[in-house]
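Visitor: Per TrEMBL, the features are:
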DOMAIN    6-88  domain 'Shikimate dehydrogenase substrate binding N-terminal'
BINDING   Ser14, Leu15, Ser16, Thr61, Asn86, Asp101, Tyr215, Gln243  shikimate binding site
ACT_SITE  Lys65  active site, proton acceptor
BINDING   Asp77, Gly126, Ala127, Gly128, Gly129, Ala130, Asn150, Arg151, Thr152, Lys153, Glu154, Lys155, Leu213, Gly236  NADP(+) binding site
DOMAIN    114-192  domain 'Quinate/shikimate 5-dehydrogenase/glutamyl-tRNA reductase'
DOMAIN    236-264  domain 'SDH C-terminal'
Amino acid sequence: MRKFGVIGNPVDHSLSPMIHHEFAKEFDIELSYEKILSPVDAFNLTAEKFMSSGSSGFNITLPFKINAYNFADDLTDEAKAAGAVNTIKIDNNIIFGENTDGKGLVNDLERNLEQTLRDKEILIIGAGGATRGILKPILDKNPEKILLANRTKEKSLRLANEFSEYGKVCGFGIDQIKSKPVNIVINATSSSIDGTMLNLPKGLCEGALCYDLMYGSETPFMKWALKDSALIISDGLGMLVEQAALSFEFWLGKKPSTRPVINLIRERVDL
Ligand code: ATR
């Protein structure tokens with residue numbers, strides 16, 4: 001039996017075990033997938049212990065994605081650009097670090113929400129770790145441009161500058177967002193966690209696809225987008241399942257079907 005897991009703190013809420021067990025059923029693969037709570041100051045020790053217990057792969061969630069980046073011997077281009085790792089695979093004693101978050105979002109937008117990103121104007125709100133993880137995979141799809149707005153303007157300017165080698169990104173302050181509609185609005189701030197709503201201008205979401213990286217049936221951002229006449233509104237559950245599918249493929253070389261798992265979670269789990 002292959003042994004996988006997710007290391008985090010907290011980790012109790014994680015839907016990853018359920019998702020990976022569903023993927024495994026599709027291919028008749030026997031695997032275990034457990035939640036591993038690590039002390040915040042002992043990620044390496046926790047990871048090493050899990051590896052010596054026979055695991056050859058695991059996911060990493062908050063707050064350890066940067067620790068995992070430093071822990072890996074070798075990094076994929078996505079992990080390098082993100083500066084963070086959410087998937088580790090051990091092969092021939094080499095620890096490989098990958099980041100599937102951004103490609104997971106792109107797959108959800110393209111496959112499940114049937115959006116094309118090419119030539120689109122995309123506003124991303126937030127300039128923290130989540131945004132860093134999604135910028136390169138989105139820019140690889142050749143949007144017209146990414147507008148990057150953040151409460152602390154300096155952070156969005158810095159990030160825009162850093163990622164401009166991959167495509168057009170303009171950084172500015174959240175208070176400088178114009179009410180002019182864009183094609184896609186992505187909330188990559190952590191504001192939904194504490195239930196606060198961002199102060200955004202009216203008309204921004206008119207006719208747009210509005211996407212919250214957080215999952216949950218109705219985040220404050222999603223409620224606001226609905227009032228602001230957004231065309232399509234989505235939480236980040238599809239991204240969660242898509243990033244898991246890419247981790248599964250990284251470990252086992254098989255591409256699981258994601259839609260049935262997204263539907264199953266919506267049915268079974270009170271998000
Ligand atoms: P994550 O890894 O989830 O991106 P992070 O790196 O702590 O977390 O970044 C959180 C992001 O959410 C930041 O862009 C933060 O803005 P600041 O850089 O100005 O702190 C943004 N954020 C969090 N709460 C917010 C709020 N209430 N309004 C606006 N932006 C908020």
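Cβ atoms here come from the backbone N, Cα and C positions, even for glycine.
No curator has checked TrEMBL annotations; they are predicted automatically.
Looking at the shown structure, what environment does each listed feature sit in?
Guide: Assigned with DSSP, the residues of the domain 'Shikimate dehydrogenase substrate binding N-terminal' (6-88) fall into helix, strand and coil as follows: 34 helix, 18 strand, 31 coil.
Within its own chain, Gln243 (shikimate binding site) has Asn86, Thr100, Asp101, Lys103, Gly104, Leu105 as residues 6 or more apart in sequence whose C-beta sits under 8 angstroms from its own.
A 10 Å cutoff on Cβ-Cβ distances gives Lys65 (active site, proton acceptor) a total of 26 other Cβ atoms nearby, all chains included.
All protein chains shown were included, and the count of other CB atoms within 10 Å of the CB of Gly129 (NADP(+) binding site) stands at 17.
Per-residue pLDDT, averaged across the domain 'Quinate/shikimate 5-dehydrogenase/glutamyl-tRNA reductase' (114-192), gives 96.
Sequence-distant contacts of the domain 'SDH C-terminal' (236-264), counting only residues of its own chain at least 6 positions beyond either end whose CB sits under 8 Å from a CB of the stretch, comprise 2, 4, 15-16, 19-20, 22-23, 26-27, 29, 56-57, 59, 86-87, 89, 98, 100-101, 103-105, 107-108, 111-113, 211-215, 271.
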Visitor: Indicate whether Leu213 (NADP(+) binding site) is helix, strand or coil by DSSP.
Guide: coil
Visitor: Once the chains shown are all counted, how many other Cβ atoms turn up within 10 Å of the Cβ of Glu154 (NADP(+) binding site)?
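Guide: So the Cβ neighbour count for Glu154 (NADP(+) binding site) comes to 11.
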Visitor: DSSP secondary structure for Asn150 (NADP(+) binding site), reduced to helix/strand/coil, please.
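Guide: DSSP call for Asn150 (NADP(+) binding site): strand.
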Visitor: Cα within 10 Å of Gly129 (NADP(+) binding site): which of the recorded positions Ser16, Thr61, Lys65, Tyr215 qualify?
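Guide: Checking each Cα against Gly129 (NADP(+) binding site), the hits are Lys65.
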Visitor: Let's check the environment of Ala127 (NADP(+) binding site): how many other CB atoms sit within 10 Å of its CB?
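Guide: For Ala127 (NADP(+) binding site), the 10 Å Cβ neighbour count is 26.
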Visitor: What is the interatomic distance between the Cα atoms of Ser16 (shikimate binding site) and Ala127 (NADP(+) binding site), given in whole Å?
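Guide: Given the Cα positions, Ser16 (shikimate binding site) is 25 Å from Ala127 (NADP(+) binding site).
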